[in-house]
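Lifted from TrEMBL, the feature list:
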| type | residues | note |
| --- | --- | --- |
| COMPBIAS | 22-31 | compositional bias 'Low complexity' |
| DOMAIN | 38-114 | domain 'Core Histone H2A/H2B/H3' |
| DOMAIN | 117-151 | domain 'Histone H2A C-terminal' |
| REGION | 21-47 | region 'Disordered' |
Amino acid sequence: MVLARVCISLQPISSKILTFHSGKSGKSSSGGKAGGEGKSQSRSAKAGLQFPVGRVHRLLKKGNYAQRVGAGAPVYLAAVLEYLAAEILELAGNAARDNKKQRIVPRHLQLAIRNDEELNKLLGDVVISQGGVVPHIAAELLPSKSSKGKKEGEEA
């Protein structure tokens, strides 16, 4: 498993709407470079993604998930992965800011995932190394807020 160090600025992420482009533009040219008209564009750039569509396509083919892989499948999968990463990083950035830290550490990822209902359901069986536990005190262990206890103690 490859681990990467993630350093991001804690600026709020503007909500992006994921759009799926079929790859066909209004131009009449078919395929890559047509007569030297500009530079070639990656599939990630065409789809407006940061995640690598070409790498996802290669891994889908190499992984023997199916005999053939369509052209739209890696674009869609890369978009979903990018959305999940952005969502987790935004929540982890908020957790880091709440703890007055500038760097996201595994503890912030753990807090972000476990405090979000849907992400916790998706990643329920995942163990995050150095993540710690989510703080929780059972209601039975907390002191009671009733005023009867104080009055009974004063009368006796």
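Start at 1 and count along the chain as shown; that gives each residue its number.
Every residue, even glycine, has its Cβ placed from backbone N, Cα and C.
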The DSSP breakdown of the domain 'Core Histone H2A/H2B/H3' (38-114) into helix, strand and coil residues is 51 helix, 0 strand, 26 coil
With DSSP helix as H/G/I and strand as E/B, how many residues of the domain 'Histone H2A C-terminal' (117-151) fall in helix, strand and coil?
13 helix, 0 strand, 22 coil
When pLDDT is averaged across the domain 'Histone H2A C-terminal' (117-151), the result is 87
